[in-house]
Amino acid sequence: MWLNVLIVVLSAAAMEAVAAFSHRYIMHGFGWRWHRSHHSPRTGWFELNDLYAVVFAGLAIVLIAVGTAGVWPLQWIGAGMTLYGVLYFLVHDGLVHQRWPFHWVPRKGYLKRLWLAHRFHHAVNGKEGCVSFGFLVVKSPEVLQAQLRKRARPTKAAAAKAPSDAPKASPPAP
Ligand SMILES: [Zn+2]
Ligand SMILES: [Zn+2]
């Protein structure tokens, strides 16, 4: 029993690393076609980027199905993925992007830090030059602001190539 609980917790924690890695190298890489919708103003209830949640949920369902069919401990890894999915949805879609029917922005503490970090991610309107790819484990606002400032000072060649891509040094208003 306790071993299974441990597997759920460790799987959820590992998912933060998986999510940050996929966000940086897949969504802001070859998977940008789906993720671009998330860096543009949303026009309806859903965005193409939501398909990533569907893919991860599908994976968790398969793990739970195979695990309950007898392949321990896949069901508990699937449960950890699901737990992470719920936390991710609450923080990312709820808290930061306010996709719930009320408006609440944290004023202090860990939740404020998460909120700020992801606003900094959205301070750059494009595939390149973004900071803060994690969701539940994030750097301090000061560090992220410094990273953005550094990227906002492009070399002359880069500035000439893409003048409109220069990231802003502060997060946009919610
Ligand atoms: Zn992104
Ligand atoms: Zn976002």
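Numbers run from 1 along the shown chain.
Keep in mind that glycine also has a Cβ here, set from the backbone N, Cα and C atoms.
Note that the coordinates shown come from a computational prediction; the quantities given were computed from them, not determined experimentally.
Per TrEMBL, the range carrying the annotation region 'Disordered' out of 25-49, 150-174 is 150-174. Residues of the same chain lying 6 or more positions beyond the ends of the transmembrane segment (6-27) and with a Cβ under 8 Å from any Cβ of it are 34-35, 38, 49, 52, 73, 76-77, 79-81, 83-85, 87-88, 133-137. Note: the domain 'Fatty acid hydroxylase' (9-135) comprises 85 helix, 0 strand, 42 coil (DSSP; helix = H, G, I, strand = E, B).
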